[in-house]
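**Student:** Supplied in structure tokens, the structure appears directly below.
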Amino acid sequence: MGELFRSEEMTLAQLFLQSEAAYCCVSELGELGKVQFRDLNPDVNVFQRKFVNEVRRCEEMDRKLRFVEKEIKKANIPIMDTGENPEVPFPRDMIDLEANFEKIENELKEINTNQEALKRNFLELTELKFILRKTQQFFDEMADPDLLEESSSLLEPSEMGRGAPLRLGFVAGVINRERIPTFERMLWRVCRGNVFLRQAEIENPLEDPVTGDYVHKSVFIIFFQGDQLKNRVKKICEGFRASLYPCPETPQERKEMASGVNTRIDDLQMVLNQTEDHRQRVLQAAAKNIRVWFIKVRKMKAIYHTLNLCNIDVTQKCLSAEVWCPVADLDSIQFALRRGTEHSGSTVPSILNRMQTNQTPPTYNKTNKFTCGFQNIVDAYGIGTYREINPAPYTIITFPFLFAVMFGDFGHGILMTLIAIWMVLRESRILSQKSDNEMFSTVFSGRYIILLMGLFSTYTGLIYNDCFSKSLNMFGSSWSVRPMFSKANWSDELLKTTPLLQLDPAEAGVFGGPYPFGIDPIWNIANNKLAFLNSFKMKMSVILGIIHMLFGVMLSLLNHIYFKKPLNIYLGFIPEMIFMSSLFGYLVILIFYKWTAYDAHTSKEAPSPLIHFINMFLFSYGDTSNKMLYRGQKGIQCFLVVVALLCVPWMLVAKPLVLRHQYLRRKHLGTHNFGGIRVGNGPTEEDAEIIQHDQLSTHSEEGEEPTEDEVFDFADTVVYQAIHTIEYCLGCISNTASYLRLWALSLAHAQLSEVLWTMVIHTGLSVRSLAGGFGLVFIFAAFATLTVAILLVMEGLSAFLHALRLHWIEFQNKFYTGTGFKFLPFSFDPIREGKFDD
């Protein structure tokens with residue numbers, strides 16, 4: 001469990017790989033996923049590195065596979081994913097893969113080109129078929145005497161007078177249906193009404209050969225007279241992207257052409273079907289293997305990209321690399337290198353040599369599917385400094401608990417728990433589906449967080465005795481109204497004249513003692529319910545907040561002890577602990593003291609702890625209306641304030657002065673501190689001892705002692721310490737007030753829940769009729785929808801964000817610097833999971 005509370009111990013190691021074994025060794029390290037390679041060629045351009053040609057070849061293969069995948073998805077063919085993890089191909093297998101992918105790509109491109117040409121030809125023949133079919137009725141109307149009257153404007157009056165025969169030219173074609181109105185207006189205006197347009201809709205939509213979309217089109221025929229109008233009409237048709245087709249003038253010719261067109265369409269349809277069948281066979285065969293091909297190609301690309309980070313000696317026979325790796329995994333790394341050397345057939349073993357360094361290692365926190373979500377919450381604020389206390393284990397409990405304090409409702413907690421349990425039970429099936437829905441994936445990745453939030457909300461809901469704004473009467477009430485009639489002389493007249501009556505717990509038998517669990521359900525119907533609950537939740541918020549912050553300060557002690565910084569303990573932790581305990585810890589003691597020192601008989605005389613706490617800072621003790629809580633309170637409070645004030649210069653001045661004294665003393669003695677690094681020629685054996693990173697000088701914000709290369713700046717140290725002291729002292733006040741959001745959001749959630757019940761469910765239950773019974777079905781559906789949308793989703797998200805704030809700011813800033821950088825090992829896991837980002 002030690003690795004859960006601190007990041008893993010890391011070491012910098014040097015790898016020496018034979019050129020013929022480097023590829024296989026890096027492949028095995030990728031399968032292991034425990035080493036992070038450093039770039040040893042930062043000044044070398046990406047395009048000038050050793051294996052850039054291999055990377056380009058892999059990118060070209062990846063491009064071809066993406067093209068094939070696009071065609072598979074376009075054909076709605078499911079891609080088979082068996083979860084197989086194929087081995088990395090050898091470099092010599094790249095030629096076969098390239099040839100295979102080239103063949104598939106060329107075959108698909110050829111099929112697509114031929115299919116597009118066939119579909120274009122098929123579209124033209126289909127349009128011509130409809131033109132021949134639709135225009136027959138247009139020509140039949142030419143023989144109608146009424147047409148002569150409609151088209152009389154096409155003839156000159158002199159020609160009409162001479163009785164010249166009616167000879168009109170025409171063009172026929174097909175146009176998109178939505179362009180017909182604009183097309184008709186354009187013809188009318190340009191030709192000044194001297195054309196006659198007839199159009200008819202094609203019932204079935206036609207497939208566009210380029211896009212594959214189905215388009216609704218119409219057949220048209222335009223009658224005109226003269227070459228000038230003919231040219232205008234053709235230009236307009238061209239502008240509207242209308243397809244023009246030759247149409248014979250005689251019925252016999254049209255009939256013969258239609259017969260030939262139908263025959264060609266049938267033949268073409270047969271060819272198209274055969275082409276589509278062949279395309280489907282090619283794509284289905286590719287769909288079975290494309291996932292494996294993707295993994296192979298991207299593994300190869302990742303390996304060559306990693307090899308580009310290595311140095312190559314002048315003989316071109318050896319590659320050297322520097323890697324960060326966990327100390328606990330050194331044996332498994334050695335075994336992986338040995339396995340890679342054997343696969344390559346090399347006889348020279350690869351060497352792993354631990355190095356001495358003063359560089360800060362990356363932070364690596366081991367996680368599993370349960371702790372991963374909580375670790376992500378911490379890392380979102382900042383990656384932990386190397387080997388400092390990891391807040392994630394404590395967040396597992398405190399985060400869902402503080403969320404539940406704000407969200408506490410038994411009914412809502414049960415719903416949230418059921419949703420989380422569903423995701424947990426079906427996690428294997430959901431993971432195998434690899435959903436692309438980003439919102440669902442985010443919620444699913446936090447399923448264990450939601451589960452704990454639901455369980456804790458159920459618990460706090462029982463404490464509040466709140467279930468969908470109603471109380472559960474599990475043990476009966478501890479209050480009784482009967483003694484008030486016998487001992488307090490309540491009468492029927494008093495009940496009639498007084499709208500509100502208050503039970504007196506001082507009367508014997510009225511209050512039977514504390515409720516067995518949670519809050520007495522009688523408070524749900526009391527008029528002063530809010531006053532009682534607000535007092536309870538406000539004090540509870542302050543108590544939880546101060547305990548949470550004190551725990552954070554105590555965790556800083558573990559950091560100081562681990563990093564061997566006694567100065568930070570005596571001049572940092574101790575005054576911080578005393579300052580917070582003497583002021584805000586005392587406030588918690590006052591609250592508990594009042595709860596225990598006053599009972600129902602003396603509660604009327606109980607003073608306000610808040611007023612006493614304010615007067616404590618003002619040194620104001622002249623108010624006789626607010627009597628002292630205990631004997632000697634004035635002296636103790638004055639002493640605590642003085643102690644807290646003394647802690648301020650203790651934190652502000654002492655540390656810079658001590659650091660300056662130590663610096664001058666070392667300078668006088670001529671000694672230097674090298675941050676714990678041993679100077680000299682260290683061992684180069686594989687099992688050589690490495691420097692303990694716990695003793696390294698880490699760049700923290702604690703003002704540590706200067707190293708050999710640093711110059712002590714007293715002014716900077718004073719300024720930094722002043723900022724830290726002011727931030728801590730003011731933060732204690734503001735952070736304590738910030739925890740009042742626990743009370744505020746809990747109140748808001750309870751009030752929203754009550755409003756929803758009153759405005760929706762209560763309305764449905766008030767209708768005492770058969771219609772009301774049927775209407776209650778729809779009312780309950782609306783209530784359920786609003787409960788999930790508003791109280792579970794919106795209110796849940798609000799409480800989640802506030803819980804984040806309390807952990808990131810109020811809790812973690814007491815001990816967590818978060819200035820490290822994450823350990824990013826070279827691993828094939830993202831490739832196997834389908835996350836192909838470079």
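In case you wondered, yes, glycine gets a Cβ from its N, Cα and C as well.
Note that the structure is predicted; figures quoted are calculated from it, not measured.
So Swiss-Prot lists these for the protein:
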TOPO_DOM  1-388  topological domain 'Cytoplasmic'
TOPO_DOM  427-441  topological domain 'Cytoplasmic'
TOPO_DOM  472-535  topological domain 'Vacuolar'
TOPO_DOM  556-573  topological domain 'Cytoplasmic'
TOPO_DOM  595-639  topological domain 'Vacuolar'
TOPO_DOM  660-725  topological domain 'Cytoplasmic'
TOPO_DOM  751-771  topological domain 'Vacuolar'
TOPO_DOM  811-838  topological domain 'Cytoplasmic'
TRANSMEM  389-407  transmembrane segment
TRANSMEM  410-426  transmembrane segment
TRANSMEM  442-471  transmembrane segment
TRANSMEM  536-555  transmembrane segment
TRANSMEM  574-594  transmembrane segment
TRANSMEM  640-659  transmembrane segment
TRANSMEM  726-750  transmembrane segment
TRANSMEM  772-810  transmembrane segment
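Thinking about packing and proximity, how do these listed features fit into the structure?
**Tutor:** Here the topological domain 'Cytoplasmic' (427-441) returns a mean pLDDT of 85 for the predicted model.
Each residue in the topological domain 'Vacuolar' (595-639) gets a DSSP state, and the totals come to 23 helix, 0 strand, 22 coil.
Listed as Cβ neighbours of the topological domain 'Vacuolar' (751-771) (distance under 8 Å, sequence separation of 6 or more from its ends, same chain) are residues 409, 412, 466, 468-470, 779-780, 782-783, 786-787, 790-791, 795.
Across the topological domain 'Cytoplasmic' (811-838), DSSP classifies residues as 8 helix, 1 strand, 19 coil.
Beyond the transmembrane segment (410-426), the same-chain residues lying 6 or more positions past its ends with a Cβ under 8 Å from any Cβ of the stretch are 404, 443-444, 447-448, 450-451, 453-462, 466-468, 472, 753, 787-788, 791-792, 796.
Same-chain neighbours of the transmembrane segment (442-471): 369-370, 372-374, 376-377, 396, 399-401, 403-405, 407-421, 423-424, 427, 430, 435, 517-521, 523-524, 533, 746, 750, 753-754, 756-757, 787, 796, 800, counting only residues six or more beyond its ends whose CB sits under 8 Å from a CB of the stretch.
Listed as Cβ neighbours of the transmembrane segment (536-555) (distance under 8 Å, sequence separation of 6 or more from its ends, same chain) are residues 389, 391, 394, 398, 402, 405, 519, 573, 576-577, 580-581, 584-585, 587-588, 591, 732, 735-736, 738-743, 746-747, 806, 810-815.
Same-chain neighbours of the transmembrane segment (640-659): 567, 571-572, 575-576, 578-579, 582-583, 586, 616-617, 619, 703, 705, 712, 714, 717-718, 721-722, 724-725, 728-729, counting only residues six or more beyond its ends whose CB sits under 8 Å from a CB of the stretch.
For the transmembrane segment (772-810), the residues of the chain that approach it from at least six positions outside its boundaries are 377-378, 381, 391, 395, 398-399, 402-403, 406-407, 409, 412, 415-416, 453, 468, 545, 548-549, 552, 735, 738-739, 741-742, 745, 748-749, 752-753, 756-757, 760-761, 763-766, judged by C-beta separation under 8 angstroms.
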**Student:** Same chain only, please: residues at least 6 beyond the ends of the transmembrane segment (389-407) with a C-beta under 8 Å from a C-beta of the stretch. Say none if there are none.
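**Tutor:** Same-chain contacts beyond the flanks: 4-7, 365, 367, 371, 374-375, 377-378, 413, 449, 452-453, 455-457, 459-461, 540-541, 544, 548, 551, 555-556, 558-559, 562, 741-742, 745-746, 749, 795-796, 799-800, 802-803, 806-807, 811-812, 815-816.
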**Student:** Residue counts in helix (H, G, I), strand (E, B) and coil for the topological domain 'Vacuolar' (472-535), per DSSP?
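**Tutor:** Counting residues by DSSP class gives 23 helix, 2 strand, 39 coil.
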**Student:** Apart from its near flanks, which chain residues at least 6 from the ends of the topological domain 'Cytoplasmic' (427-441) lie with a Cβ under 8 angstroms of it?
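**Tutor:** Hits for the topological domain 'Cytoplasmic' (427-441): 81, 83, 369, 447, 833-834.
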**Student:** Going by DSSP assignments with H, G and I as helix and E and B as strand, what are the residue counts for the topological domain 'Vacuolar' (751-771)?
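**Tutor:** Per-class counts: 18 helix, 0 strand, 3 coil.
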